[in-house]
Structures are given as C-alpha cells and as structure tokens.
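The Fe(2+) binding site annotation in Swiss-Prot covers GLU17, ASN145, ASP195. Sequence annotations record features per position, and here Swiss-Prot assigns D-xylono-1,5-lactone binding site to ARG98, ASN100, GLU119, ASN145. Taken from Swiss-Prot, the feature active site, proton donor/acceptor covers ASP195.
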Amino acid sequence: MTAQVTCVWDLKATLGEGPIWHGDTLWFVDIKQRKIHNYHPATGERFSFDAPDQVTFLAPIVGATGFVVGLKTGIHRFHPATGFSLLLEVEDAALNNRPNDATVDAQGRLWFGTMHDGEENNSGSLYRMDLTGVARMDRDICITNGPCVSPDGKTFYHTDTLEKTIYAFDLAEDGLLSNKRVFVQFALGDDVYPDGSVVDSEGYLWTALWGGFGAVRFSPQGDAVTRIELPAPNVTKPCFGGPDLKTLYFTTARKGLSDETLAQYPLAGGVFAVPVDVAGQPQHEVRLV
C-alpha cells in the first residue's frame, strides 16, 4: 500500500509507545525517557509531562479527567495538573517486571500485560482489571503486547513479541478468556517482530512491526492483506484518531538502533500519521466506580 505518511512529531523517542486518541488529541508515552506526550493535530500544539518512573500506557477514565497509567511500580492514576497516585501494585518488585501494553474493552475493563524489564525471561502475565479487582488471565509471556478486542467483543488478541506470535482468544461477556490459539505466527528466521496492535471497525487487525519499517493489516482469518511502510525501523504501536477515526497514528523507537542506522533513518523515534479508508473503533474508557 502506497500511503501518505506524515511525521507529525519528530520527537526522537527512545521507546515511543501506547498511543491513544482522547479529547480530539493524541496521547502517548516514551517509556525509557519517562515522559507522557500530548499532540493536538488541530493546532499543532505539543505538551509533555514527566513521570516518576518508566511509564508504559495511558487509558482514559469514565466520568473523570485524567488517565489510568502503567508505571514500573504498578497501576497509577494520572492527571496533568495533580500528578500521579498509586491505584495498585501488580507484582513483586523482585521479579523486575513492569507493565507494558494495554487496552480497554467496551465494558470498561482494563487489559494489560507485564514483562521482564530486561527482556530476559518469560515472567510476564496478562491481567484484567475491573470493578471486582485484578485477575491474571495468561502467564509465562516474554514481552506482552498488542491486547485488543474485535468490534463484536467476542475475540481478544494478545501478542508475545519475542515468540513472534499473535494469539486469539474467545472473550465471554463476563470477561473470561478461552480457546487460546495462534492467530498469526511470524517467521522465526528474521529480525521482524509483531509489536502493538489495534482492531479497526471491520474487525481487521493492524500490527506494528518492530524491525519491519511499518505495519500490516490482518484479516479476521489471519491473512496479511495490506502493508504500510514507514521511514523508521522500529514501529511500536498504531492507534486510530482524527474526527472520523480514519487516521492511523504510529509511535516508533530509536532503542537498539546503531548510529549508522539512526543517520540513515533520522525520523526514527517520531510519531507518524497515515490516512486510511476504514475507520477505527472509538477509544473506550476505564470504569473505576
């Protein structure tokens, strides 16, 4: 697919991640720089906020301002004016795990994964947080990534990046997962890894490619049908934005790139916008009460 690609913020993020569309603006993080960023497409304004630790995702809250965010120390509440407050600690600090990617389903449940911060073992898990508490839904994961839900709410997707595998699950109305199966298995002999994902309004999965200079759109059957090329090697996650949800925004990363590669791809670590024909799903909000 020959796409119109625009770098909307040449941020040079070390590890740009977690983009969401909220309040007609784009929010995302730089995990390693401990930053939360906010881009206003209508005006071009940009704002940045410091986090006290590695910050990995944001999710808006039903009936409230601010966000639920993942920090290395656990799940926190964040407001730009008042800062951070701890909601819950997820795992024992001795594991050296941290939250990674997250999504919110139509019922307001927060789904998030944890991973070993050094990317050295499979100590990560997948969790679901709702009004009843936090439940572990899957475990023994190397790098948790790409949680997202189909438009009908019946299929849940989740990726283990180091295993190069996107999994699908049946998702019940009560939030239980079953029938775990391989949705897409990436080739094991190269350096392209599936990273974050998002599902569009037709039920097709857009997956960012770490080491792959772009993203791929997969059909509900797992067939690759479209590819977008970006001028950055490590693409981390897409999200839909714009007034009609027909703009795909992508975060990227400079992490792991040599000086030679960075000189060849100076926009690595930037945020990119690409118009698409099929709209995304609205950003859901976390239900805390």
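Using N, Cα and C of the backbone, Cβ positions are placed for all residues, glycine too.
Annotated features taken from Swiss-Prot, shown on the structure.
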| residue | record | Cβ contacts under 8 Å, 6 or more apart |
| --- | --- | --- |
| GLU17 | Fe(2+) binding site | PHE28, VAL29, ASP30, ILE31, THR56, PHE57, ASP101, GLY196, THR236, LYS237, THR251, ALA253 |
| ARG98 | D-xylono-1,5-lactone binding site | GLN54, THR56, GLY70, LEU71, LYS72, THR114, MET115, ASP117 |
| ASN100 | D-xylono-1,5-lactone binding site | THR56, PHE57, GLY70, PHE112, GLY113, THR114, MET115, GLY124, ILE143, THR144, ASN145 |
| GLU119 | D-xylono-1,5-lactone binding site | CYS142, ILE143, LEU162 |
| ASP195 | Fe(2+) binding site | ASN145, GLY146, THR159, THR161, THR207, ALA208, LEU209, TRP210, ASN234, VAL235, THR236, LYS237 |
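The Cβ of ASN145 (Fe(2+) binding site) has 28 other Cβ atoms within 10 Å, all protein chains considered. Shown in sequence order, THR56, PRO99, ASP101, GLY113, THR114, MET115, HIS116, ASP117, GLY124, ILE143, THR144, THR161 are the same-chain residues outside ARG98, ASN100, GLU119, ASN145 whose Cβ sits within 8 Å of the Cβ centre of the D-xylono-1,5-lactone site.
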